[in-house]
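Trainee: After the structure tokens below, expect a handful of questions from me.
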Amino acid sequence: MMSNDLLVTDIEAEARTEENIWHSDNSALAAPPAATTSASQDQLPDDRYLNRESSWLDFNARVLALAADNSLPLLERAKFLAIFASNLDEFYMVRVAGLKRRDEMDLSVRSADGLTPREQLSRIGEQTQWIASRHARVFLDSVLPALGEEGIYIVTWTDLDQAERDQLSTYFNEQVFPVLTPLAVDPAHPFPFVSGLSLNLAVTVKQPEDGTQHFARVKVPNNVDRFVELANRGAVRDTSAGDEGQLIHRFLPMEELIAAFLPVLFPGTEIVEHHAFRITRNADFEVEEDRDEDLLQALERELARRRFGSPVRLEIADDMTESMLELLLRELDVHPSDVIEVPGLLDLSSLWQIYGLDRPALKDRAFIPDTHPAFAERETPKSIFATLREGDVLVHHPYHSFATSVQRFIEQATADPDVLAIKQTLYRTSGDSPIVLALIEAAEAGKQVVALVEIKARFDEQANIRWARALEHAGVHVVYGIVGLKTHCKTCLVVRREGPTIRRYCHIGTGNYNSKTARLYEDVGLLTAAPDIGADLTDLFNSLTGYSRKLAYRNLLVAPYGIRRGIIERVEREVAAHRESGPQTGKGLIRLKMNALVDEQVIDALYRASQAGVRVEVVVRGICALRPGTEGFSENIFVRSILGRFLEHSRIIHFRAIDEFWIGSADMMHRNLDRRVEVLAQVKDSRLTAQLDELLKSALDPFTRCWELRPDGQWTASPQKGQQVRDHQESLMERHRSR
């Protein structure tokens, strides 16, 4: 669990000006203080938005705070270091790349908070240099020593004895040397292409004959383990426990091993220097869908181009010489402002390998999801269809098992001879997806199967293309959605013959049909046989597979046409109901739980609700551009963020005065509301809305461990040190363990 005394290391003073606050030590990066902002009724000030890029970096800083929290199990802390690194990689590949493109094209479109692309890039560079250094220091000064205390060592070549060096010499010659390609640079050998996110050694070699020096590059193979484990040499003994304890693990980074054998790679030369470096390339591309008849081929062409995207970041070891850096800047065409200098190891995303060690005592207590009570097998197992005919079911993953609910729903539909058709959207799915295999089996059994596979899902394009082809080969009707839009909704429709009638069964969720991430992501889903939702999903799939453009639905809000308008309309209705009931009753309440809150129109609607006296409570995992708690326009808005063992991924919206609960796939962002097909469904069953209400109350409990957003844009750990505290996710796990 996250400690209230956050970031407990010697360097935490760099990160704070007072207890429990994270922010950059550069005051120019801070958002305007609340005192500079005021507004009268129905007026909204110009500085009402927080910068979305800075807000994202703040989110990643909260992830880093978990890594620095010494109350968490040690390998969980290493995992959060890896997550931080992967997050930052993607941020540069997409967000920074997009800002650079706009800056280079002189598209001086300002952000909602008034910054040009260049100003944002400057701010990002300063913030990133600070937080990347902090990331490295948390590893070097806190996590790495703690690993050593538990018998897990990441060592250097100089730490090894002769027996270990002999062992690694054999390993290098047999397993590593054959796959390495040293690339020298001279008039006959141009500077080599450096692939994005690859780890490399920049080497200077000297010719003994004339003393001339040449640059060479060695790529660290990405198809072998980053950390080479040495043979176990003993055990950590816990004499008080009376057992032998755990084996000692000693790892050498692969780049250290290669560096030790550079003379083997460059025989007859003197190795003058070597330094690690890594570049990040632009991976933000678009397919001109309206100009290409074959979207699949167009996407594959763009994927091939992605690896040649322009560099957007150069990470270097902090011991790199100026001359070596100047050469890399020149040859890679990188601006000095895009250089991130890192002490210690580059690319800590590789710590996933260390997390994979079989050391359960250093990880979170195991949690096994339970089967939803409605689907639990008793004396006579009942089909999911029979259960849904009795009433709707709300599943909450990972606390409820995905395999025994959503996955079983689709598998039963596949095996049921009375099922005529299955229609499903697929955005991201697992590599050995049981969902996709079930759809293939259904098609081979003669059922009508439609799969909308979103092949433009970023960084999952290749996997989705493979699945699309496998589905087509099995006879599934595969479509790629609507031109110009990504299909991000999570929907499944099963059509079943029941006597003389046809009944439709549906699933609408907030998370992907991915059995692996369903164990790690927190999501909710509605399983129902309600006729109005069945009719809505029929219309939606007809719109996705045909040329119809359905705009109004019975029980759904559908982007890109209906969600923003529908949410703002309900905010306005909540305000009206609040006024009608009398502001003193405090009836007006809007609660939102989501991944990101950025859309200016939705934010402005919430500001106006606050001005009318409606209380607004927001639980946001990542980006939040809304400035809460400011007199005159947002004093009734409260924002918090919950991070922990599971990734909080569900989207839930509640309007108390008008008594409506909505769940679905959409965050309040431009891309979700304007450039994606998203679905929000209203949950009407009082049993289910009570469950959603309980979930929101737990997340918003004053004693729940969280981060709270201040008017100046800084995030504060809450509750404060010494106060009673509860963990939202742990509370839910204990409730399910006790069943």
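Cβ atoms are placed via backbone N, Cα and C, with glycine included.
Marked as active site, phosphohistidine intermediate by Swiss-Prot on the basis of sequence analysis: His488. Annotation source Swiss-Prot lists ATP binding site at Asn87, Tyr521, Arg621, His649, citing sequence analysis. Residues or ranges marked as Mg(2+) binding site by Swiss-Prot: Arg428, Arg458. Summarising the annotation, Swiss-Prot assigns compositional bias 'Low complexity' to 27-40. If you look up Swiss-Prot, you'll see 724-739 marked as compositional bias 'Basic and acidic residues'. The feature region 'Disordered' is assigned by Swiss-Prot to 22-45, 714-739.
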Trainee: Given the recorded ATP site (Asn87, Tyr521, Arg621, His649), which additional residues of the same chain have their Cβ within 8 Å of the Cβ centre, ordered by sequence?
Mentor: Asn595, Gly622, Leu647, Glu648
Trainee: Given the binding-site residues Asn87, Arg458, Tyr521, which lie within 10 A of the residue listed as 'active site, phosphohistidine intermediate' by CA-CA distance?
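Mentor: Passing the 10 Å Cα cut: none.
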Trainee: Counting across all protein chains shown, how many other Cβ atoms sit within 10 Å of the Cβ of Tyr521 (ATP binding site)?
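Mentor: Cβ-Cβ neighbours of Tyr521 (ATP binding site) within 10 Å number 19.
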Trainee: When neighbour density is defined as the number of other C-beta atoms within 10 angstroms of a residue's C-beta, which of the recorded positions Arg428, Arg458, His488, Arg621, His649 has the lowest density?
Mentor: Arg458
Trainee: Quick check: of the binding-site residues listed here (Asn87, Tyr521, Arg621, His649), which one has the Cα closest to that of Arg458 (Mg(2+) binding site)?
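Mentor: For Arg458 (Mg(2+) binding site), the closest Cα among Asn87, Tyr521, Arg621, His649 is found at Asn87.
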Trainee: If one measures from the C-alpha of Tyr521 (ATP binding site) to the C-alpha of Arg428 (Mg(2+) binding site), what distance in angstrom results, rounded to a whole number?
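Mentor: Taking the Cα atoms only, Tyr521 (ATP binding site) lies 13 Å from Arg428 (Mg(2+) binding site).
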Trainee: When the Cα of Arg428 (Mg(2+) binding site) is compared with the Cα of each of the binding-site residues Asn87, Arg621, His649, which one is closest?
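Mentor: With Cα distances computed to Arg428 (Mg(2+) binding site), the winner among Asn87, Arg621, His649 is His649.
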Trainee: Only counting partners 6 or more residues apart, tell me which same-chain residues put their Cβ under 8 Å from the Cβ of Asn87 (ATP binding site).
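Mentor: When sequence neighbours closer than 6 are ignored, Asn87 (ATP binding site) has Asn60, Val63 within Cβ distance under 8 Å.
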Trainee: Can you break down the region 'Disordered' (714-739) into helix, strand and coil residue counts using DSSP?
Mentor: 10 helix, 5 strand, 11 coil
Trainee: Please classify the secondary structure at Tyr521 (ATP binding site) using three-state DSSP.
Mentor: strand
